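Below is one structure, written out as structure tokens, with a few remarks after it.
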Amino acid sequence: MGSRSSTRIPVPPMLIIRIVLTLSCIRLTSSLDGRPLAAAGIVVTGDKAVNIYTSSQTGSIIVKLLPNMPKDKEACAKAPLEAYNRTLTTLLTPLGDSIRRKQESVTTSGGRRQRRFIGAIIGSVALGVATAAQITAASALIQANQNAANILRLKESIAATNEAVHEVTDGLSQIAVAVGKMQQFVNDQFNNTAQELDCIKITQQVGVELNLYLTELTTVFGPQITSPALTQLTIQALYNLAGGNMDYLLTKLGVGNNQLSSLIGSGLITGNPILYDSQTQILGIQVTLPSVGNLNNMRATYLETLSVSTTKGFASALVPKVVTQVGSVIEELDTSYCIGTDLDLYCTRIVTFPMSPGIYSCLSGNTSACMYSKTEGALTTPYMALKGSVIANCKMTTCRCADPPGIISQNYGEAVSLIDRHSCNVLSLDGITLRLSGEFDATYQKNISILDSQVIVTGNLDISTELGNVNNSISNALNKLEESNSKLDKVNVRLTSTSALITYIVLTVISLVFGVLSLVLACYLMYKQKAQQKTLLWLGNNTLDQMRATTKI
């Protein structure tokens, strides 16, 4: 599909700004038009906005696991709270041990261990084996340990508060939010209500809620409880720990409501445990989320191909899976550096490949420039749903219409059939029943035929056949070459030597000289002969005149 020279764009913030400013100056045109391509078996399945991101923002969420009960209800909830506290300690102690072992690899006091750790990184760089990720991880680990130490200094005040969520800023180098899902429950059920509850009911409610939260903790930290390795926590796990209070931290870190749902679906928001204190039952988690640069004029268009009918058999179009369009420029997009959601594409770098003029012309609507590869596989897709309608190859599969009853036939030469609610309300394909609600308006091209010249060979079997034909042609050429060699072998090489050639040239020149001299001599003799003839004729005429004069006398 053309040359594979790539354009790579790194993601420093200044470069992101430059890209945004540059692309904002380009006139935005409409997205890739799939209407002329659908009948040729090329279906535009959707567009996504392209964004560049780098994981540069961090914040801390301090989960308060043990709630504070109102003074008048402490006695009622004492038993379930004590049991919950013991279970928490047993459950999260392995997690705390793993965090402690990780922190022992580097200290924040500038001591010997830190120097040894940083020296190991520098040594690795000198040996050429360290990566940017390793250095970034080391820096993040130092920062996490500093935040954990600062949080521990404030643990008593955090544990004593009755607020379900509040910002912690004293001595912290980054935004930190203390949340308490269980404290929120206690506040809603007991602190902020005038309803009087008996002690038995309080015990039951607190016990049930604590058990449910323990189940969530087990689900979130299950792998880390059974394994000493610390793994990242997903955004879903963070929401399980913090409840709806997680939005407060994300808002503080600058995540807008319009981005929140998309970022949650991308999985780019993660958390790493950095602290567990069994005395106050405080859990510290460092949250990492991306810094996103929106490329407003750039979109990714996804393409799918159907098996179409040609005079050479079934074939599929040779087009990229994903293309990107900025203004009038269309290039193939490499999505291996990207994470996709329903509406967005988040990429660490933008890598595009230029397309050949033929593919560019094809995607621009000139279906006669599209190239196809023969596909004879049984699993080749013969149909596809598009906006409530169906594009199907009714020569490859039976298109049975249930309402109104009938078989949809595909005309000879047509690549695919475009079926909408005007031609069939209920369609059955390979046992799958579809109720059609969309329509293909007049802007969709129909009755497109694929020429033989547009079908090329790419399959292994077809390539073997074509190679056989090429081998036959080569064999015929070799036979002709052998005949030519045999004729050349009959030529006396000595007659074609350099000395002989010089002799031939000299003799030829001499022959030409003699020929010219002979021609000159012949011309001279002819001229002399004609002169003699004129002299004789004159003498004869003169003698005749004298005789006539004598006779008259």
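Including glycine, each Cβ sits where the backbone N, Cα and C put it.
Per Swiss-Prot, coiled coil is recorded for 142-170 (among others), and the stated evidence type is sequence analysis.
According to Swiss-Prot, the coiled coil annotation covers 466-491 (among others).
Cβ contacts within 10 Å of C347 (disulfide bond), excluding its own Cβ and spanning all protein chains shown: 24. According to DSSP, C347 (disulfide bond) is assigned to a strand segment. Summarising the annotation, Swiss-Prot assigns disulfide bond to C338-C347 (among others) and lists similarity to another entry as the type of evidence.
Here Swiss-Prot flags C362-C370 (among others) as disulfide bond, drawing on similarity to another entry. For C362 (disulfide bond), the same-chain residues lying six or more positions away in sequence with a CB closer than 8 A to its CB are L37, I42, A317, V319, A369, C370, M371.
Cβ environment of C394 (disulfide bond): I408, S409, Q410, V416, S417 lie under 8 Å away, each six or more residues apart in the same chain. Under the three-state DSSP scheme, C394 (disulfide bond) falls in the coil class. Residues or ranges marked as disulfide bond in Swiss-Prot (evidence: similarity to another entry): C394-C399 (among others).
Per Swiss-Prot, disulfide bond is recorded for C401-C424 (among others), and the stated evidence type is similarity to another entry. For the recorded site, C424 (disulfide bond), the DSSP three-state label reads coil.
For N85 (N-linked glycosylation site), the same-chain residues lying six or more positions away in sequence with a CB closer than 8 A to its CB are L66, Q281. In the three-state DSSP scheme, N85 (N-linked glycosylation site) is classed as helix. What Swiss-Prot lists as N-linked glycosylation site is N85 (among others), and the listing cites sequence analysis.
Positions annotated as N-linked glycosylation site by Swiss-Prot, on the basis of sequence analysis: N191 (among others).
For N366 (among others), the entry in Swiss-Prot reads N-linked glycosylation site. Note on N366 (N-linked glycosylation site): other Cβ atoms within 10 Å of its Cβ, all shown chains, come to 14.
The N-linked glycosylation site annotation in Swiss-Prot covers N447 (among others), and the record cites sequence analysis as its basis. When other Cβ atoms within 10 Å of the Cβ of N447 (N-linked glycosylation site) are tallied across all protein chains shown, the result is 11.
The N-linked glycosylation site annotation in Swiss-Prot covers N471 (among others) and is backed by sequence analysis.
The S-palmitoyl cysteine annotation in Swiss-Prot covers C523 and rests on sequence analysis. According to its DSSP assignment, C523 (S-palmitoyl cysteine) is helical. The local packing around C523 (S-palmitoyl cysteine), expressed as other Cβ atoms within 10 Å of its Cβ over all shown chains, amounts to 10.
Summarising the annotation, Swiss-Prot assigns region 'Fusion peptide' to 117-141 and lists similarity to another entry as the type of evidence.
Predicted-model confidence for the topological domain 'Extracellular' (32-500) is 74, expressed as mean pLDDT. Look at Swiss-Prot and you will find 32-500 tagged as topological domain 'Extracellular'.
The annotation topological domain 'Cytoplasmic' is assigned in Swiss-Prot to 522-553 on the grounds of similarity to another entry.
The transmembrane segment annotation in Swiss-Prot covers 501-521 and rests on similarity to another entry. Long-range contacts of the transmembrane segment (501-521) within the same chain, counting only residues at least 6 positions beyond its ends with a Cβ under 8 Å from a Cβ of the stretch, are absent.
For C338 (disulfide bond), the same-chain residues that are 6 or more apart in sequence and have a Cβ closer than 8 Å to its Cβ are V50, L345, Y346, C347, T348. Among the recorded positions N366, C399, C401, C424, the residue whose Cα lies closest in space to that of C523 (S-palmitoyl cysteine) is N366. Taken residue by residue with DSSP, N447 (N-linked glycosylation site) is part of neither helix nor strand, so it is coil. Within its own chain, the topological domain 'Cytoplasmic' (522-553) has no Cβ neighbours under 8 Å among residues six or more beyond its boundaries.
Following the DSSP three-state reduction, the secondary structure of N366 (N-linked glycosylation site) is coil. With the fewest other Cβ atoms inside 10 Å of its Cβ, the least crowded of the disulfide-bonded residues C370, C399, C401, C424 in this structure is C401.
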